[in-house]
Amino acid sequence: MSITADSPSMTTQTTEALSFTNVGKRYGEGPFAMQGFDLQVSPGELVAIVGASGCGKSTVLRMIAGFESHSEGEITLDGNPVSSPGPDRGFVFQDYGLFPWLSVAENVELGPKQKGLPRAHRRDLVEQHLDLVGLGRVRDKYPHQLSGGMQQRVAIARVLANRPTVMLMDEPFGALDALTREQMQSDLSQIRRSVGTTVLFVTHSIEEAVRLADRVVIMTGGLSQGIPGHIRRIFDVTLGLDRDPTSVEFTDLERLISQEVHAQG
Amino acid sequence: MTALAPTASAEVREAPPRHEPAAPRRRRWSPRALLLALPVPIAVLVLWSLGVQFSWNLPFGIRMAQLPTPSQVGIRLADLFFGGLVPGPYSGDIWRHIWASLVRAGSGFALAAALAVPFGILLGRSRSVTQLFEPLINIVRPIPVTAWAPLALIVIGIGDRSAIFLVFLAAFFPMLISTSAAAAQVPPRLLEAAAMLGMKPWKRMILVVAPASVPGIFSGLRVGLGLAWALLVVGEMTGVNIGLGAMIMEGRVVSQIDLIMSGMIIIGILGVPL
């Protein structure tokens, strides 16, 4: 096992799934809430972003999604600058964001429908992705009939059915109980390996980040700190596929990251 | 008023409120509830009867002596429905008037709903539409329908169209306000979800905003339907010949107070389901 800290380094952009170059964000003419954000994410990589509240980690996701604009710099997806929201950037919300008047299958079908895919193709996509998240049995239920964990699985299936370039997850398991959360984490590892999607994952939990991510990005600053939000450090996580949160290597890395998150300045 | 229900729901049929928890159940009529429902109406009838008999003068200068007794009104009501008790043009002929009123209230309401719901959604979602129309709406909305009546009589003329127009006005604004408030409160999360799934902005109005606003739209439709019915009399004061409002106006002209009160009671009872 090795823990390497690498500074955000510039590489050739064409091989990146997702790239931030000197991205900054300010609201109106106010001070910068985020500045100098540089990050490259390779195809198939899962990058977790951790940091104190208000450091702008959710804003990073929302800027990629196109829900919020960035004030300077460039965000590119497969080399193309992003602007308005689109199906190439799927978003998994903490509060699921399912359409309560649509059944589980209809929620998953919504994306493919927007693309104008034929009915048979859509049905295949729905079946395939509901199976992927283990929810084939509840396809005709409505979201309010499902537990939080199941709703979040529907939300993941709904995003993946769109075959996005990147899946953006904003504290997706934050509202779930501990047991469900652990199950979801191990399922997510499996799902993203079988699908090969690039994932950008924002979380409060350092353990969750170490458990899931190929790299952990630590953000700091933010408007309340008086300095723009920025990346403090990036850790590579080289713990292999089956990670044991009780192992020495795991807890060492967790402690290191925790120190960085809580360090001042 | 059940005849109107299909028109009301047709507006929003693409979005049945399946996600809504079941509406609060109507009270079942237990024997106890039935027993408790009786004393107050009976007391009112008794007091009314006594008041007429002894010529009570009540606050507001209400002279009870002017009123017919409850039994006179009851006889008139029976005659309106079945005929043969009070000779005259209305004997046994009430169905025609009820039907005419239902059709007018229904048309005015349906027209108002058809315009208020889509316009309300736009108003709730678009800041520029709001800025364009809000001043006008705020000025026109407080004008009571009664104040429109003389203008409608002159500009539209005597007849059905005036009546329907006035009912339309009565129902339009509550439905507009309720729909636009509901549309403005659609959780932003649902619109973000639709956007990231690739849904075009105009489609989000129909496939997200409209269904998410269904509870608000329905409560607006309900209020609108109630007002449409309540303002029917005003609408029918514009010189139409058939209709419950017209009948009441005729009762005033010929000083048949039992006819007026019968019309009021029929309007009230038909309005209960609303």
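Each Cβ is built from the backbone N, Cα and C atoms, and glycine gets one as well.
The following features are taken from TrEMBL:
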- B:1-24: region 'Disordered' (REGION)
- B:11-23: compositional bias 'Basic and acidic residues' (COMPBIAS)
- B:33-56: transmembrane segment (TRANSMEM)
- B:98-274: domain 'ABC transmembrane type-1' (DOMAIN)
- B:98-124: transmembrane segment (TRANSMEM)
- B:136-158: transmembrane segment (TRANSMEM)
- B:164-184: transmembrane segment (TRANSMEM)
- B:205-233: transmembrane segment (TRANSMEM)
- B:253-272: transmembrane segment (TRANSMEM)
Residue numbers, six or more beyond the limits of the transmembrane segment (B:136-158), whose CB comes under 8 Å of its CB atoms:
165-166, 169-170, 173, 176-177, 231, 234-235, 237-240
The transmembrane segment (B:33-56) touching the transmembrane segment (B:205-233) per 3+ Cβ pairs under 8 Å rule:
no
Look over the recorded stretches B:33-56, B:98-124, B:164-184 and say which has the most C-beta pairs under 8 A to the transmembrane segment (B:253-272).
B:98-124
